[in-house]
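> For His136, Thr137, Lys274, Asn283, Arg292, the entry in TrEMBL reads substrate binding site. Taken from TrEMBL, the feature divalent metal cation binding site covers His166, His211, His266.
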Amino acid sequence: MSNFPRIAITPGEPSGIGPDLVLKIAQQDWPATIIVLADKDMLQDRATLLGLPIKLKEFSDEGEPQKHTPGELFIIHHALAEATEVGVLNEKNGRYVVDTLTTASAGNMAGTFDAICTGPVHKGIINQAGVPFSGHTEFFANHSNTSDVVMLLATEGLRVALVTTHIPLAYVAKAITPERITKVATILYQDLQVKFGIDKPKILVCGLNPHAGEGGHLGKEEIEIIEPVLAQLNAEGMDFVGPLPADTLFQPKYLDSADAVLAMYHDQGLPVLKYKGFGNAVNITLGLPYIRTSVDHGTALDLAGTGTANTGSMEVAIAHAIKMAIENKAKR
Ligand SMILES: NC(=O)c1ccc[n+]([C@@H]2O[C@H](COP(=O)([O-])OP(=O)(O)OC[C@H]3O[C@@H](n4cnc5c(N)ncnc54)[C@H](O)[C@@H]3O)[C@@H](O)[C@H]2O)c1
Ligand SMILES: N[C@H](C(=O)O)[C@H](O)COP(=O)(O)O
């Protein structure tokens, strides 16, 4: 039996850099079958603009998965509503983007694909198209009927997971509940063991308030919510340290002996991660019934079609998806 996994790639927003990245990585050697879910004319036009050779072949799930051939891509055609103008968002194509994600999720649940790797979408234009959408993480959780998933971004020397993801800052404190922290922390701990092979993970946990609440004088969530949850998880044999002041925990003194940081909200953890590794980090959704990785950046409309978009994060995202898919196959 072939050991090459099938990786479904969604280029995301068609007017952004996603198609450029997919066409660039298609020129490389990958130990997997790569299937792109996109509009074939849009991809062909972008390849011409970038001067990249590409042969698009219709995907069929019959036969054994083959190793990727540089310069070729399998495709499942999804038609755009309107032709794309490079670098210019068009809300008429918002639903197209979501349709590609739906195919990716359904194909993974059916076992046709072994993993999904997503390019960047533009959340705003999808909402403008009339489709409520806060991010891939929430979309895939919803589509796969999974109640709790965790967003983890990882780069060399740092992994950051989030208790809350794409919600307004005004809602964050209310969303920091014992139930949510317990679920996120448990998924993170178990996936560090299973997916990352860390026997006994040590996880640093940020407080929510400045200086982790300053003993209750700058907020009480640390004392009333976070500390009791961590005490309970540690009593069950896990190893969580905190809540620690978020402004000072990101230093080698603490990070060198830790396997991950659990941040309370998006812009508490991700700016640090992206300062360290923007362009070379991977976004992994933990807790889904399938493997999903993504890039660490957005649609970069200013670079679309120029050929200057950096493929580093897309390469790391695909490499992680392939590695995890091969490990999954070996377990079956
Ligand atoms: N994975 C995703 O789907 C994802 C991730 C982050 C942001 N977004 C979305 O992207 C849209 C634009 O967000 P933004 O402007 O804050 O972030 P952005 O990442 O698109 O751009 C920020 C800056 O980084 C540069 N940049 C981004 N990717 C690059 C690459 N591969 N190579 C070189 N330079 C690169 C851009 O040119 C820009 O200067 C938003 O709608 C946001 O929600 C999507
Ligand atoms: N929060 C992610 C980041 O900043 O990189 C990004 O918005 C993508 O999230 P999804 O994978 O949920 O779309």
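Including glycine, each Cβ sits where the backbone N, Cα and C put it.
Neighbours and distances for these, please.
Taken residue by residue with DSSP, Arg292 (substrate binding site) is part of a strand.
The Cβ of His211 (divalent metal cation binding site) has 16 neighbouring Cβ atoms from other residues within 10 Å, across all protein chains displayed. According to its DSSP assignment, His211 (divalent metal cation binding site) is helical.
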> Work out how many Å separate His136 (substrate binding site) and His166 (divalent metal cation binding site) at their Cα atoms, rounded off.
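One finds 10 Å between the Cα atoms of these residues.
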> Compute all pairwise C-alpha distances among His136, Thr137, Lys274, Asn283, Arg292, the residues listed as binding substrate, and give the largest one in whole angstrom.
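Value for the max Cα separation, rounded to a whole number: 19 Å.
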> Within 10 Å of Thr137 (substrate binding site) (Cα-Cα), which of the binding-site residues His166, His211, His266?
His166
> Taking only the binding-site residues Thr137, His211, Lys274, Arg292, which have a CB closer than 6 angstroms to any atom that belongs to ligand 2?
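Close enough to ligand 2 are Thr137.
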